[in-house]
Amino acid sequence: MNLILMGLPGAGKGTQAEQIVAKYNIPHISTGDMFRAAMKAETEMGLQAKSFIDKGALVPDEVTIGIVRERLSQDDCVRGFLLDGFPRTVAQASALEEIMKDLGKKIDYVLNINVDSGLLLKRLTGRRICKECGATYHLEFNPPAKADVCDKCGGELYQRSDDNEETVANRLDVNIKQTKPLLDFYEELGYLQSINGEQDINKVFADIDVLIGGLA
């Protein structure tokens, strides 16, 4: 099974990715991991990527796509993979289609975990962190016993500056605008599957499991 996982920040992608790869024993391939592995192995594309990163420059698409090609050609991807964080643009998605053709494979599903932006805002702005021990809480989903006080050490809880409502709303807005053309592209190809991410975590996975179970 060859899958792409999509979803806005706070949609619960990481949790679902863990469950998918654990059950189906396919590699979870994230962009960051791919780059780190290619640079460590000193592959041709990994060395090219390193030369840009060392200069503080953006890695060009052709290098990123080359790294993806190298990674998807590895033995552990024979039975399938879960791509996370790639592609980010329609140009990258088109290049991925070419890679898959060259490998004699196809993408089975693009799983988009859908959550209303208002709920995402609540999920992302509710986080509180202890100043003393770093313990993490959530005002709605995992609140401390006493408001603004850490259960573990009694330290004061605070909200990170980038978790405030305005910053999070802007981040979501940018993500929605960037993601829409990609979702439209995959909708047209017939790969896109929308998953209701507003349910309990286990129910979200159960829905994914029903969908992809037939591919195993």
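Backbone N, Cα and C define each Cβ position, glycine as well.
As recorded in Swiss-Prot, the features of this protein are as follows:
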type	residues	note
BINDING	GLY10, ALA11, GLY12, LYS13, GLY14, THR15, ARG127, THR136, TYR137, GLN199	ATP binding site
REGION	30-59	region 'NMP'
BINDING	THR31, ARG36, ALA57, LEU58, VAL59, GLY85, PHE86, PRO87, ARG88, GLN92, ARG160, ARG171	AMP binding site
REGION	126-163	region 'LID'
BINDING	CYS130, CYS133, CYS150, CYS153	Zn(2+) binding site
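Feature annotations (Swiss-Prot) mapped to structure.
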residue : record              : Cβ within 10 Å
GLY10   : ATP binding site    : 23
GLY14   : ATP binding site    : 12
THR31   : AMP binding site    : 17
ALA57   : AMP binding site    : 9
PHE86   : AMP binding site    : 20
ARG88   : AMP binding site    : 15
ARG127  : ATP binding site    : 18
CYS130  : Zn(2+) binding site : 20
CYS133  : Zn(2+) binding site : 11
TYR137  : ATP binding site    : 21
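The binding-site residues near CYS130 (Zn(2+) binding site), taking a 10 angstroms Cα-Cα threshold over the set GLY12, GLY14, THR31, ALA57, VAL59, TYR137, are TYR137.
THR31 (AMP binding site) falls within a helix when secondary structure is assigned with DSSP. Shown in sequence order, LYS131, GLU132, GLY134, ALA135, ASP151, LYS152, GLY154, GLY155, LEU157 are the same-chain residues outside CYS130, CYS133, CYS150, CYS153 whose Cβ sits within 8 Å of the Cβ centre of the Zn(2+) site. Note on the region 'LID' (126-163): DSSP counts are 3 helix, 13 strand, 22 coil.
Among the binding-site residues GLY10, THR31, VAL59, PHE86, ARG88, not one has a Cα within 10 Å of the Cα of CYS153 (Zn(2+) binding site). Across the residues annotated as binding AMP (THR31, ARG36, ALA57, LEU58, VAL59, GLY85, PHE86, PRO87, ARG88, GLN92, ARG160, ARG171), the widest Cα-Cα separation comes to 33 Å.
In this structure, the CA atom of ARG127 (ATP binding site) is 13 Å away from the CA atom of CYS150 (Zn(2+) binding site). Straight-line distance linking the Cα atoms of TYR137 (ATP binding site) and CYS150 (Zn(2+) binding site), rounded to a whole number, equals 8 Å.
Binding-site extent for ATP: residues GLY10, ALA11, GLY12, LYS13, GLY14, THR15, ARG127, THR136, TYR137, GLN199, maximum pairwise Cα distance 22 Å (rounded to the nearest whole number). Cα-Cα distance from ALA57 (AMP binding site) to GLY14 (ATP binding site): 27 Å (rounded to the nearest whole number).
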